[in-house]
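For D:12-33, D:40-58, D:64-84, D:91-110, D:130-147, D:178-198, D:218-240, D:252-271, the entry in TrEMBL reads transmembrane segment.
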Amino acid sequence: MSALLHIENLSVNYGHIQAVKNISLELQNSEITALVGANGAGKSTSLLAISGLIKAASGTIRMAGEDISTLSPHQIVQKGVVQVAEGRAILTTLTVQENLDLGAYTRKDKIQIHRDLDYIFTLFPVLKNRATGLAGNLSGGEQQMLAIGRALMAKPKVLLLDEPSMGLAPLMVQEIFRVLKEINQSGLTILLVEQNVRQALKIAQRGYVLENGEIVLQDSGQNLLHNPRVIAAYLGA
Amino acid sequence: MLELQAISKRFGGLHVLQDVSFTMPAGSIYGLIGPNGAGKTTIVNLITGLLRPSSGHLRFNGKDLSMVEPHKITQLGIARTFQNIRIFKEMTLLENVVVGMHDDLNYNVASLLLNLRSFREAELQAKTRAHELLSWVRLDHKAHMLADNLSYGEQRKLEFARALATQPQLLLLDEPVAGMNPSEKTELMTEINNIRNRGFSIFMIEHDMRFVMELCDRIAVLNFGKIIAEGTPDQVRSNPDVIEAYLGKEEAA
Amino acid sequence: MFEQQLINALTLGSVYALFALGFTLVFGVLGVINLSHGAIFMLGSYIALLLVSQFQLSLWLAMAVAMLACGALGVIVDFLVLRPLRRRNAPHLSPMIATIGVAIMITNIAQGLFGAENKRFPFGTIPEDSISIGNLHLTAVQLAIVLISFILMIVLLLVMRRTQLGRALRAIAESPKAAYLLGINVEGLFLLTSFAAAALGAAAGVLVGLSFNAISPFMGQPMLHKGIAVIILGGMGDIRGAMIGGLFLGVAEVMSVAYLSSDFRDAVAFGLLFLILLVRPSGMFGKILERKA
Amino acid sequence: MLEWWEGFWSIYSTVIFGVGINAMLALSIYLTLSCGLLSLANAAFMGIGAYAASMISMQTGLSFPVALLASACAPAVVALVIGIPTLRLSGVYLAMATLGFGEVVRVIVLNLEITGGPMGINGIPTKTEWWHIAVILGLTIFVLARLRRSKIGRAFEAIKEDEIAARLMGVNVAGYKLLAFVIGAVIAGLAGGLNAHYTFTIGPGNYAFENAVDILTMAVFGGTSNLLGPLIGSTTLTLLPEVMRSMKDFRLAANGLILILVILYLPKGIWDPARLRGLRSRFTKTSSAKGS
Amino acid sequence: ADIRIGMAEALTGPAAKYGVAIKNGFTLAAEGINAKGGINGNKIVLVIEDEQGKKEEAINVFKKLIFQDKVLMIFGPTLSNSAFAADPIANATKTVVFGTSNTADGITGMGPFTFRNSVMEADVLPVTTRAAVKHFGIKKVAVLYGNDDAFTKSGYDVFKSALADQKITVTDTETYAKGDVDFKAQLTKIKASNPDAIVCSCLAEEAANIILQTRSLGMKQPFIGGNGFNSPKLFEIAKDAADNTLMGSPWSAENIAPANKQFIADYKAKFNADPDQFAAQAYDAMHIVTEALKQVKLSGNPEKDRLALRDALPAVKHDGATGKFAFRRAAPKDGKEAGYDAQQDAIVNIAKGGKFVLLK
Ligand SMILES: Nc1ncnc2c1ncn2[C@@H]1O[C@H](COP(=O)(O)OP(=O)(O)OP(=O)(O)O)[C@@H](O)[C@H]1O
Ligand SMILES: Nc1ncnc2c1ncn2[C@@H]1O[C@H](COP(=O)(O)OP(=O)(O)OP(=O)(O)O)[C@@H](O)[C@H]1O
Ligand SMILES: [Mg+2]
Ligand SMILES: [Mg+2]
């Protein structure tokens, strides 16, 4: 196994606030990596920097050995690094179907795209029912499903997920985690930012803990789940 | 204190709510749960006057809300937070909270223009109280930052403080702990309990079952726009319909 | 008389629509009310005029060159003015004000180069006679404008509705950030849009210059007023809306002359616009997201 | 020195009057902008004020203060009437509706006998003194500054940021929007009344589309995040053509270029407190090593 | 010493097409006069300012010219609307203001320092309509004019009363606005009213378009126009579609008086373009002022010299490019002393084969 996505000494600033300080992460091929931390720790900032939406102050990001830190966001997506961003970034004035179609924007394989669409619809039947409706009229949870579905349509090599279970009903949360595990087993590499720390660490092979923009712990998912510091801070006694 | 009577709501051909009725007693924490798209947020939108019911009645302390404008509803003592955060991003945290006190700032135009004492005192008082509210949600150290610079979870907390600033009798929370980690949830739980003990009533939508079950006095379960169960947390938790439609085996266990 | 007025309305409306197509494209994708569109429209007209009268180019070739040249100018404006503003997260009115600056510059330079008075294409550039059916009259250019604007509208509409490119453009329109996350080359498409819009503006300029014989540095200004009315009437950035809005304005103006009084032509047109907005606050085709929270 | 001043004043007094008038206009649109309303009716309101005041001065024996009062009240009444239906519109749709309103006003004035049609009203007595403008502008600034610091100013800002959230904070959104619109109309109307009484003549073309856009440009150019912006913007843009007069043929092109450059490098306008704050904090950070 | 004369015209903006022609007329005249030794040995220096066709600008420019440049007098401004704003300044400072293109009613009512050699429509249009009735045997006409412009509107007012005086029926009256390019709706309505001719108070470029569009609607009626038609532009744009158009004006390219031939030849040589009436009137105006200045002994004190010029001007008689010219005292308005209008005879022309020829 080798690291597919390699982040080294990444720092990000907002003005003179340093939100992410010199962090290094490795995403092993076909693994789920969890990134956990309190509100404001810098998780979302890190993900945005990986996707190129925020310019990093320093550090390198390598995808399969290739430096992608200077690429523009759409090129990073073309390299197979796709993100489900915080706040969902649903296109509210487009229909559900159009949102999903755009998920496959970088792909050309029409037939496979069609098959993937069917797969998304079996995963989230609501989306099929509402396919021609405006995405903005979906409920919060439905939008979250659309966001995940849309990212999967891109057939990513690395999927960055920013709190995918947010706003989802318990059954749906279980479903999402099941799906993540499933697609991971089919070879997708995932970086998972989650507040649902317990669930996240359960399915993650490895995990990082971010505090105040710095990585303070890194270990296998199982070990972190039993780490007293993690239990105290993130799992609730 | 809050009473929904046979409320229905349609969007075009979509029946989002059908004959929803329940009564929420004063001083309680009342939970509303249900699958995604069940119509929970729609109910909050109806209560706060952003939407009008297609049929049915809404009463707050006996007063019919169906024709009351949103800002008057707030003045009657109902405040809310939003599922998709809506803070005033270009204002400081402090200003965000003071906006919530809009209706309580009673000074006239003359005292405003002439900077009379009544004006200065009212403003000062409001700011002091705003600081206090921010400290409840542990954001007072950022009081003078622009709200846009907060992280997601921090924004939720700010929204919470801002809602409290309107001095509501009834606080409607739409997924208050989404995006918070377990220990933060625990913190907020204590906070909400404190608030209830100060005499507020709370109506909340939440998907986090530990949170809902521990806090709520009563819970209603909405599925496809209909109430399928109502009762104490224990009653709801063991209701097979609820397990089937919403909880799944794992959460129920 | 009614039939003739209907033809008048249709041709005038098509002129408005033609102008509005490029205008609404920029508005729809970049979210900018590009107030230099009128100046580009004017420039297109002059470039074609120059090529036809000085270099004896054929009209269609001249038109193509004018479209390319204006398209390039559109790209330059986007690159030098609008893009830096996007980068700097400028408030939404700043790009509009900047395009006023662009318009002032282009208009002034045009006046310096071409003089202030009206010019026309040389006689015989196009057939001057009108096509007459019984008592009804229509000139060839007018017919061309009607056809071209309909064809362009349909082409644009198909692109926007049916193709991945169109969806991508609409995605950008709503949220560049989301579009980036989908792997869309946002900056590239911004440039493409600016190019296409300016080229369309130039085409409109050439046709309008041909049909009304009034090419002047200031010809863009009145058109701009009407163009703004049209795109708002139709609904932000909506291609169909630009067409229908244009036709509507044409009909409103012509019919108010025909059956009320020409004194109140503009008042009727804008008054109607006012009323329509009161009934449909986002224009005729504007989407309304009902969901509030 | 005194002589120099007299010479200067006799050449430039109108320019200086213009600075004051434009400052009021920029403030009037700033007010509606600060409430999230992109209203372009200010030119029309200015016109209504100008016509009302001039007609009183020309056709009745009433004094200047009465004329000015009329220039404030007439637009206010009109704003009240059209504001109630139009202010439901948002963004550019409101801009368009208000432009449409302006156009209707222009055409009506153009076709009425009492307003002099396209000739407008000529020979209006000069009554405006520099201190009239100074006092009224000062008063405007004072009132707007006070409003900003109060719950009204906060309500405006909240409405601008998120109307729905503001409503649910107990803010009477429709009411406050109307308030901003009407006060804006009063300020613009007063500017019109004052302006008419030193330019001898007014006509329907003076309050049309271009003027509405000019007013907006002044405010945005200066910056709309606080009161100082519109003042700086209107002053710069009024003086710019005078300063550039020697450039002759390229004066307007140069104006355009300056407009672009300023917006490019200062996208939030010349006066942008956030940027200034940023500069200052960077300065203090580098000068004192502690910080953060 | 140099004689500094101010010129405030619209050199940019939509009115620039007139302003630039006017400027050309002045510079041509001034150069000619200077080349012949100036006025009593003094050279004319034109101080040229752009008033953009805006009233505020006109006021600012007037003040600058009067107080800073201390000019002897001012030519301008281009548009009547600007004149209403700026001329009071000149009168208040006792400076001669001389309009060459302001035709609106009431301009000279602004004070005794206001002069113009632009002939008022009231003197020209009745002559034209009378000639039209005789020439074409017209009984009923339709009228079209620009209603948001002081020049075209006041032209219309004069036409209206002339038509009423001469008992000509008006079948339809239509208007358009500045910047309009499509007149078909109005013309279709006019067509339905079936007039014998179309009376048009418009500027040349609009007029040309109107004529072309009239023809494209299959209408053959002749046009009757005012001063505004008097421009080579009319034929550049409309060519012989404009044939049979009647136009009255004091200036005609066909006028073979030597002064006019000289003017036209010089203008063509210098600017490589045909002159129009605006240039001709400016050209004449400069000569009129020159005649007056020849009678004045300049002291170098601007106040004194301005008064002297104002006293010398009314007596000037001139025979120039626009024919015989004299000043006529305007009737005082509201008891205020008024200035001087032009006293000139109108020549009626008819368009034939793409140019105006004298109507016999
Ligand atoms: N645009 C911004 N400008 C300035 N500071 C910002 C900005 N966005 C985020 N921050 C700050 O950067 C820090 C990290 O924010 P980030 O959004 O990455 O946190 P997070 O770990 O995702 O938190 P959460 O779990 O609440 O989403 C926070 O302190 C936040 O206040
Ligand atoms: N304006 C609207 N037009 C059409 N459909 C709507 C509209 N608003 C809501 N809906 C639909 O009504 C249903 C209920 O929505 P609502 O937001 O109340 O769900 P919810 O229970 O809050 O779900 P979640 O837990 O996901 O937030 C959803 O299916 C949603 O798509
Ligand atoms: Mg986050
Ligand atoms: Mg919801």
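Each residue, glycine too, has its Cβ placed from N, Cα and C.
TrEMBL does not curate its annotations; it predicts them automatically.
The largest share of C-beta pairs under 8 angstroms with the transmembrane segment (D:252-271) comes from D:218-240, of the ranges D:12-33, D:64-84, D:91-110, D:178-198, D:218-240. When the stretches D:12-33, D:40-58, D:64-84, D:130-147, D:178-198 are ranked by Cβ pairs under 8 Å to the transmembrane segment (D:218-240), first place goes to D:12-33. Two recorded stretches are said to be in contact when at least 3 C-beta pairs lie under 8 angstroms, sequence spacing 6 or more; the transmembrane segment (D:130-147) and the transmembrane segment (D:12-33) meet this definition. Beyond the transmembrane segment (D:178-198), the same-chain residues lying 6 or more positions past its ends with a Cβ under 8 Å from any Cβ of the stretch are 14, 17, 20-22, 24-25, 27-29, 31-32, 34-35, 37, 39, 41-43, 45-54, 57, 64, 67-68, 70-76, 78-80, 83-84, 87, 121, 124-128, 132-133, 136, 140, 152, 156, 207, 215. Sequence-distant contacts of the transmembrane segment (D:12-33) (same chain, at least 6 residues past either end, Cβ-Cβ under 8 Å): 39-40, 42, 45-46, 128, 130, 133-134, 136-137, 140-141, 144, 160, 180-181, 183-185, 187-188, 190-191, 194-195, 198-199, 215-216, 218-219, 222, 224, 227, 229-231, 233-235, 237-239, 242.
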